[in-house]
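Undergrad: Dumping the structure here so I can ask a few things about it.
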């Protein structure tokens, strides 16, 4: 997202904004060289992620057509289909929005699209994070409680539906907190317009609570669930192998079950690793900014852009991971 003009939240400023009165500010943001590089990389990753995820969906569709009529997709492929759709949604919404916003620097699309696109952006970020949680839970249950999973055919669909519903609901506040502000640049009648959350919260701690809630739902909670599920899978596989050492011969055809479980473990670990590597720099920078807004003046702009670009790698890596392990 383009760097916004810095504003201190005080009653006078908020009153001015609520009455659409321009505010006189200092130097306004412009598109710099590092910003142009960020835009170029963003659109390159957009093309890459779109191609990868669309290709996987196409392969999945062709694979489905070759199956016998009436035979359903496996649980894992259904989950991967929804994760791919979520990643594709994030790719088609977040990346073009970020790229275009950095090009224009300010917001020209009006308050309605300011609210709607901000909502869609967060919704498309929640969806893949929650779908990763569903996959981790499902794989953990499939290995630790296989009979319970097989006897409850609706469990998977219920978790998938819940992930989409929570994504829709949790992104809802974006429609309220985002709004337009208009600033005069101090050198004439030129007006700078931006889509921001400034003055949307009565108290500073309200915004802090919302930021940490979003951070927790997008990163901390999914990460903890993935780690716990992976630990349970490792523990279960280790216990099975200790009970029957012959199952260590995973390359033999008669040991398809433990080999499939090992593949499941590798895939879930790869998902968790990709999630951590891609999103940690993004959230480290975000948390730093929440506690110290002046950090943007101390951290070089190229480093700032570089950290944010890491998040766009995740929807590119995911189709490579599940394509390698599932097809």
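Each residue, glycine too, has its Cβ placed from N, Cα and C.
Taken from Swiss-Prot, the feature disulfide bond covers 114-195, and the record attributes it to sequence analysis. Here Swiss-Prot flags 4, 18, 102 as N-linked glycosylation site, drawing on sequence analysis. Feature annotation from Swiss-Prot assigns topological domain 'Extracellular' to 1-38, 98-115, 185-211, 300-305. As annotated by Swiss-Prot, topological domain 'Cytoplasmic' applies to 59-77, 138-164, 232-280. Annotation source Swiss-Prot lists transmembrane segment at 39-58, 78-97, 116-137, 165-184, 212-231, 281-299, 306-325, citing sequence analysis.
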Undergrad: Which chain-mates of residue 114 (disulfide bond) that are at least 6 residues away have a CB under 8 A from its CB, listed by sequence?
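TA: In sequence order, the residues whose Cβ lies under 8 Å from that of residue 114 (disulfide bond) (at least 6 apart) are 107, 178, 179, 180, 195.
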Undergrad: Check the transmembrane segment (78-97) against each of 116-137, 281-299, 306-325 and return whichever range has the most CB pairs under 8 Å.
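TA: Looking at each of 116-137, 281-299, 306-325 in turn, the most contacts to the transmembrane segment (78-97) are made by 116-137.
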Undergrad: Can you work out the mean pLDDT of the predicted model over the topological domain 'Cytoplasmic' (138-164)?
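TA: Over the topological domain 'Cytoplasmic' (138-164), the predicted model scores a mean pLDDT of 84.
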Undergrad: Which residue counts does DSSP give the topological domain 'Extracellular' (98-115) for helix, strand and coil?
TA: 13 helix, 0 strand, 5 coil
Undergrad: Are the transmembrane segment (212-231) and the transmembrane segment (39-58) close enough to be called in contact, which here means at least 3 C-beta pairs under 8 A that are separated by 6 or more residues?
TA: no
Undergrad: Residue counts in helix (H, G, I), strand (E, B) and coil for the topological domain 'Cytoplasmic' (138-164), per DSSP?
TA: 23 helix, 0 strand, 4 coil
Undergrad: Based on DSSP, tally up the residues of the topological domain 'Extracellular' (300-305) by helix, strand and coil.
TA: 5 helix, 0 strand, 1 coil
Undergrad: With Cβ-Cβ distances below 8 Å as the criterion, list the same-chain residues six or more beyond the ends of the transmembrane segment (306-325) that contact it, or say none.
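TA: Sequence-remote neighbours of the transmembrane segment (306-325) are 38, 41-42, 45-46, 48-49, 52-53, 55-56, 59, 80, 83-84, 87-88, 90-91, 94-95, 98, 128, 263, 266-267, 270-271, 274-275, 277-282, 284-285.
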Undergrad: So which residues does the topological domain 'Extracellular' (300-305) touch in its own chain, when a touch means Cβ under 8 Å and the partner is 6 or more beyond its ends?
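TA: Hits for the topological domain 'Extracellular' (300-305): 32, 34-35, 37-38, 285.
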Undergrad: Could you give the residue numbers and ranges of same-chain residues that sit at least 6 residues beyond the topological domain 'Extracellular' (98-115) on either side and whose C-beta is under 8 angstroms from one of its C-beta atoms?
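TA: Non-local partners: 1-3, 28-31, 35, 38-39, 42-43, 46, 174-176, 178-180, 192-195, 312.
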Undergrad: Cβ under 8 Å, sequence separation of at least 6 from the ends of the topological domain 'Cytoplasmic' (138-164): give me the contacting residues as numbers and ranges.
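TA: Distant Cβ neighbours of the topological domain 'Cytoplasmic' (138-164) are 75-76, 78-79, 82, 127, 130-131, 228-230, 232-233, 236-237, 261, 264, 267-268.
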